[in-house]
Amino acid sequence: MGGEGAPDFLSRPRVRRASCLCGSAPCILCSCCPASRNSTVSRLIFTFFLFLGVLVSIIMLSPGVESQLYKLPWVCEEGTGIPTALQGYIDCSSLLGYRAVYRMCFATAAFFFFFTLLMLCVSSSRDPRAAIQNGFWFFKFLILVGITVGAFYIPDGSFSNIWFYFGVVGSFLFILIQLVLLIDFAHSWNQLWLGKAEECDSRAWYAGLFFFTVLFYSLSITAVALMFIYYTEPSTCHEGKIFISLNLTLCVCVSIAAVLPKVQNAQPNSGLLQASVVTLYTMFVTWLALSSVPEQKCNPHLPTQLVNETGPAGPEGYQTQWWDAPSIVGLIIFLLCTLFISLRSSDHRQVNSLMQTEECPPMLQATQQQQQQLAACEGRAFDNEQDGVTYSYSFFHFCLVLASLHIMMTLTNWYKPGETRKMISTWTAVWVKICASWAGLLLYLWTLVAPLLLPNRDFS
């Protein structure tokens, strides 16, 4: 039945799929998201590459894979174990898995850094480099695989120690980017529900905003109480007490500043919902900082000693806990924020300026709607960047570089690779996270007071 027509029917999709591998991004996902924007689909595919690297990193931490990694040249040597700076022993297989994560994240960071340099100053899809950004996905995948294979054959030496500090700086910057995205999300949420309340003349939307504001503040207060219980001791852990108390005080200050009459007059959309989101995120970063404290009494996430003081010393006397609560929550927030970077351009001019994205000009919306209707009929995505890019290609890839470094630190619990058979938790990780929380609060405070300090500038 239809013997002559069947081959032609089956060959067309194959030809289209083959051309998609070397062509533009839209046709790859056109079957599941027709009439989507070229810029959005490209960002989603690059984000998929990042998530693929994250998945490989997680697999590298599994015991079965670690046993096979001994064949690589940078494996740890067998030797006599000595007590580590975190009062515990780390077996060689765990150290091996962490080093594998370092190399996998180095590969993804190098891949995106290459595109960061390649895509500098691309202004529209008419630039020849835009075709590379939005196409040739099969070859990009081969490049990523090649870099990954090469990374796994880097001799260890000082690579892990040096790359640790790259991870510290990158993760610090990505924590700030996460806060910017959360503030923007809270602003958009607040505007949407206030608009619904005015449009529907219903108090239910106000009640919803009030409910979530109280919920976020309640979660923050609960987090403070739990951190005092589990991460401090009455006679010690003074640093933890100072960090918790100081961040709580700063959060109260920015919350008060958000509802001051002068701030409200300058920024009517400012309110406690945004402040509650910032407060909750600050408590989360504080929790991450306390989970990196290199003292057993002040950090329940460190390897736990299972033998008494008179018992035999050795790696068998300790239990390693890799997948703790801070790592899991941090991984979830990382995935959500990375998707947010890929899918959305902000409605706020300040965020667009910071994140290097642009709002669609009103004059182009009608043209894009016509292109979208035509693309929907043809089952493909459309090019919405002929007159100008909607986001900075280079800055987007730089964000993915930072995301690669941040997930590397998250999966390895911010432990610094030390000597053979040791993973050292340092105060460096603690101070980086605490300073990131302070910088985030200062950044949010600046968004509140900037219209007052610079009245001649447009902050609408």
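Note: Cβ is positioned from N, Cα and C throughout, glycine not excepted.
Values in this document were obtained by computation on a predicted structure and should not be read as measured data.
Feature annotations, reproduced from TrEMBL:
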TRANSMEM  44-65  transmembrane segment
TRANSMEM  101-123  transmembrane segment
TRANSMEM  135-156  transmembrane segment
TRANSMEM  162-183  transmembrane segment
TRANSMEM  204-230  transmembrane segment
TRANSMEM  242-260  transmembrane segment
TRANSMEM  272-290  transmembrane segment
TRANSMEM  325-343  transmembrane segment
TRANSMEM  390-409  transmembrane segment
TRANSMEM  429-454  transmembrane segment
The transmembrane segment (242-260) and the transmembrane segment (325-343): do they have three or more Cβ pairs under 8 Å, with pairs 6 or more apart in sequence?
no
Please figure out which one of 44-65, 242-260, 272-290, 390-409 racks up the most CB pairs under 8 Å against the transmembrane segment (101-123).
390-409
Using a cut-off of under 8 Å between C-beta atoms, tell me which stretch among 204-230, 242-260, 272-290, 390-409 contacts the transmembrane segment (44-65) the most.
390-409
State the residues, same chain only, that lie 6 or more residues beyond the ends of the transmembrane segment (272-290) and have a CB under 8 A from a CB inside it; answer 'none' if no residue qualifies.
175, 178-179, 182-183, 185-187, 189-190, 209, 212-213, 216-217, 219-220, 223-224, 227, 231, 240, 243-244, 247, 250-251, 254-255, 258-259, 298-299, 326, 329-330, 333, 429-431, 433-434, 436-437, 440-441, 444
